[in-house]
């Protein structure tokens, strides 16, 4: 009964947010007057330091760490071997730290995690994205299918070894109970520790929430992109995780089979829609900021996204009201000077220009529609309205000389442009502001700083 009530409440909040007059308030953006941010989370330090190739990230409005490193003050990602003693089996079949969470000391894990956080993020005033990437197992028993079924089997054997007197049915039930209890403790306590140590960071788990809408390979033209109801229900049951998160990090990685297809947009749209639904149910005071993880190249390839798929990923993420998008990449991006040059060429071409287009359009809409006190969100989440610069009114110009490169957007908003924005977008006000256009200051809604 409890889960039914939670699901009803989440659906009601979501409908009110996207299709009604009231929109749940948002946390103020990480940087003032920057409603939509683009982050770089790829290990491309070698491009700059070894090959002397500057990817021009800042030129194109991309937030990155010093020397374009994988982790730093802007965004830090913790892989399994970077944070505490995370029990798991890796892709090669190697065992780590007891394999299952109920077979490892939580105290030992938290003590090690504290040391790791101090080492990796020495700045106590850290204000960036803190992303924990634990993908080996899921905290819900029923979601450990396929290769993850090993965690269920190990848990059953663990319970059997401790309680040989129990029947197999009781052992299975005990194994599920103990596994989910330990998994919850590991994930929740790790998150709370990170937030206690670096309270100004945006903390959450990569790929949470997930939508499990991966059936585009088998459905073809019948693919809808919608998240299965059972998966949405399971996400509802993770309310404990959403309540303790300060940001959500779903992914919208595109495989090459989706290139420039309708299915690509369906896939991304419904993953974002589910993330926005969860963001609205996590807290009572504001919707959690959503930062979608994307790749500038198709997954498992070094082929850049088409212009259409840049719209599908970056454009869709901005239009749905996310706080930003994070471009993740592999070591391949900086493996050779040619790789670095390929990334740079893409950055100086379609990728960089489109990022400038969307980030600038989001700022303009925030200014003219929401008085810089909120971000623009589609009035109807399933529409095809995007936050793009109007080509008849604006031009993106790149200037470069021997010492610097800069991008300038020239133009002004025309009346018909403003009408379009008002017809297709509404304001999601930041905390402390309310009204149709975020024009009313509300002291009682201001968060404590």
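Cβ atoms here come from the backbone N, Cα and C positions, even for glycine.
The annotation active site, proton donor is assigned in Swiss-Prot to 135 on the grounds of similarity to another entry. Taken from Swiss-Prot, the feature disulfide bond covers 47-340, 211-227, 365-376, 370-427, 429-438, and the record attributes it to similarity to another entry. Here Swiss-Prot flags 427-438 as domain 'EGF-like'. Residues or ranges marked as N-linked glycosylation site in Swiss-Prot (evidence: sequence analysis): 67, 103, 111, 153, 357, 401. What Swiss-Prot lists as signal peptide is 1-23, and the listing cites similarity to another entry.
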Of the recorded positions listed as 135, 153, 340, 365, 370, the one whose CA lies nearest the CA of residue 111 (N-linked glycosylation site): 135
Neighbouring recorded positions, C-alpha within 10 angstroms of residue 376 (disulfide bond) - of 67, 227, 357, 370, 427, 429: 370, 427, 429
Per-residue Cβ crowding (10 Å cut-off), top of disulfide-bonded residues 370, 376: 376
Residue 211 (disulfide bond) to residue 370 (disulfide bond) - Cα separation in whole Å: 31
Reduced DSSP assignment, residue 67 (N-linked glycosylation site): helix
Closest of 47, 135, 153, 227, 438 to residue 427 (disulfide bond), Cα positions, recorded positions only: 438
PLDDT averaged over every residue in the domain 'EGF-like' (427-438): 96
Fewest other Cβ within 10 angstroms of its own Cβ, chosen from the glycosylation sites 67, 103, 153, 357, 401: 401
